[in-house]
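Engineer: Structure incoming, see below.
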Amino acid sequence: IVYGTVTTPGKYPWMVSIHERVKDVMKQACGGAILNENWIVTAAHCFDQPIILKDYEVYVGIVSWLHKNAPTVQKFQLSKIIIHDKYVKDGFANDIALIKTATPIDIKGSKYGVNGICFPSGATDPSGEATVIGWGMIRGGGPISAELRQVTLPLVPWQKCKQIYGHPDSEFEYIQVVPSMLCAGGNGKDACQFDSGGPLFQYDKKGVATLIGTVANGADCAYAHYPGMYMKVSAFRSWMDKVMT
């Protein structure tokens with residue numbers, strides 16, 4: 001997260017860290033959001049093909065890697081990794097995946113402050129501002145963060161986002177902005193490498209966090225004037241429901 005601030009324990013109980021085996025060491029790879037006691041939503045590009053389940057694990061209830069043995073922290077193995085069937089490797093569209101934990105996540109009145117995130121109730125496109133969180137790089141090519149960070153970004157209407165990326169002078173003309181994407185930022189604040197798959201969310205009138213997007217592949221981090229790319233969760237609800245039933 002670029003230009004973010006450090007979060008406090010328990011503020012985002014549905015946030016997870018996905019670790020991937022790199023040369024026999026498990027390392028921070030992506031973020032994700034807990035949907036229910038079995039399923040987590042994240043990005044498709046987080047996973048190398050062919051998928052080897054034992055090369056990934058998920059941490060819940062964690063805020064800082066300096067305290068990864070804290071009593072709130074739980075680690076889960078995975079039983080399924082389901083990539084969206086229309087996702088193409090290194091592509092930008094349909095960059096969404098669902099992962100299932102091998103054992104259920106205790107979210108019902110969990111003393112560990114672990115919970116699922118809600119979906120927004122309305123069908124209208126989100127507008128205004130939204131927040132993204134993660135343990136990713138704090139600047140392009142920079143170090144990753146030991147602490148979970150948060151940043152609030154302006155949402156950019158997709159037509160405008162499409163114009164920015166598709167402009168003849170754009171350095172990222174190859175990125176096709178489609179209606180199933182959300183764009184946010186462009187003001188120097190952004191998600192970055194290793195934040196992928198993490199949640200973009202807003203708060204409803206009751207103050208409940210609602211998931212509107214997941215961090216997707218995009219331009220370089222915090223690239224001046226270019227908004228960050230997210231998958232629009234509402235566009236994938238029927239796919240998600242089908243996978244989870």
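Each Cβ is built from the backbone N, Cα and C atoms, and glycine gets one as well.
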Engineer: According to the record in Swiss-Prot, which candidate from C183, C192 pairs with C221 in a disulphide?
Structural biologist: C192
Engineer: Can you tell which of C118, C183 Swiss-Prot lists as bonded to C161 through a disulfide?
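Structural biologist: That record, Swiss-Prot, gives the partner as C183.
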Engineer: Do you know the mean pLDDT across the domain 'Peptidase S1' (1-245)?
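Structural biologist: Value for the domain 'Peptidase S1' (1-245), mean pLDDT as a whole number: 92.
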Engineer: Using other CB atoms within 10 angstroms as the count, which residue among the disulfide-bonded residues C30, C221 scores least?
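Structural biologist: Minimum Cβ neighbour count within 10 Å, taken over the disulfide-bonded residues C30, C221, occurs at C221.
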